[in-house]
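*Asks:* Below are the features listed in Swiss-Prot for this protein:
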{"type": "BINDING", "residues": "ASN35, ASP38, ASN40, SER49, CYS146, GLU147", "note": "Ca(2+) binding site"}
{"type": "BINDING", "residues": "HIS52, ARG79, ARG86", "note": "alpha-L-fucose binding site"}
{"type": "DISULFID", "residues": "CYS50-CYS146", "note": "disulfide bond"}
{"type": "DISULFID", "residues": "CYS82-CYS83", "note": "disulfide bond"}
{"type": "DISULFID", "residues": "CYS108-CYS124", "note": "disulfide bond"}
{"type": "REGION", "residues": "16-148", "note": "region 'F5/8 type C-like'"}
Amino acid sequence: VIPEGYTQENVAVRGKATQSAQLRGEHAANSEASNAIDGNRDSNFYHGSCTHSSGQANPWWRVDLLQVYTITSVTITNRGDCCGERISGAEINIGQHLASNGVNNPECSVIGSMATGETKTFHCPAPMIGRYVVTYLPTSESLHLCEVEVNVDKPAAA
């Protein structure tokens, strides 16, 4: 719930994204970490607006917001052309540390399941302070995200 007199802003679009390992080969350009913060919720991987890890164990994706924010929720758009079940069990962690690539930062939420192509908002139990937002998948599945929006409450313009 957005407090009265406030509006919500996605600060991820100004950040810098990276991931554990990028898919290689003919679809490498479609797989870049920055695709998930381009402001485009297109969920078809082949349209070039999603990210895709290579098939290594425990893949992660991270956005550096370039400054510290108080984060209320994270909105994720799941891949829509196939494989939507792969995201099940992914963790959303938020914090100020890069140790272990940020996967040990405090947990905002766990993605139980998402439909293929679904956009869903995950609310942190309380506002969280952090610079790094990490989506970590503790399996050997590929991690693909079509959009990640990091939501902060800002005072509304008068």
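Any Cβ shown, glycine's included, is placed from N, Cα and C.
What you are looking at is a predicted structure, and each value in this text was computed from that prediction instead of being measured.
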*Asks:* Pick from ASN35, ASN40, SER49: which of these binding-site residues has the biggest number of other Cβ atoms within 10 Å of its Cβ?
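*Replies:* Top count of Cβ atoms within 10 Å goes to ASN35.
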*Asks:* Taking the recorded Ca(2+) site as ASN35, ASP38, ASN40, SER49, CYS146, GLU147, identify the other residues of that chain whose CB atom sits within 8 Å of the mean position of the site's CB atoms, giving them in sequence order.
*Replies:* ALA36, ILE37, GLY39, ARG41, ASP42, GLY48, CYS50, THR51, THR77
*Asks:* Pick from HIS52, ARG86: which of these binding-site residues has the biggest number of other Cβ atoms within 10 Å of its Cβ?
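*Replies:* Counting Cβ neighbours within 10 Å, the top one is HIS52.
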*Asks:* Cα of ARG79 (alpha-L-fucose binding site) to Cα of GLU147 (Ca(2+) binding site): how many Å, rounded?
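*Replies:* Rounded to the nearest whole number, the Cα-Cα distance is 9 Å.
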*Asks:* By a 10 A CB contact count over all chains shown, which of the disulfide-bonded residues listed here is most packed: CYS50, CYS82, CYS83?
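*Replies:* Counting Cβ neighbours within 10 Å, the top one is CYS50.
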*Asks:* Which of the disulfide-bonded residues CYS50, CYS83, CYS108 has its Cα closest in space to the Cα of GLU147 (Ca(2+) binding site)?
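*Replies:* It is CYS50, whose Cα lies nearest.
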*Asks:* Please list, for the region 'F5/8 type C-like' (16-148), how many residues fall into helix, strand and coil according to DSSP.
*Replies:* 20 helix, 57 strand, 56 coil
*Asks:* CA-CA, which of the recorded positions ASN35, ASP38, SER49, CYS108, CYS146 lies nearest ARG86 (alpha-L-fucose binding site)?
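*Replies:* In terms of Cα distance, ARG86 (alpha-L-fucose binding site) lies closest to CYS146.
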*Asks:* I'd like the Cβ neighbour count for ARG79 (alpha-L-fucose binding site), meaning other Cβ atoms within 10 Å of its Cβ, all protein chains included.
*Replies:* 25
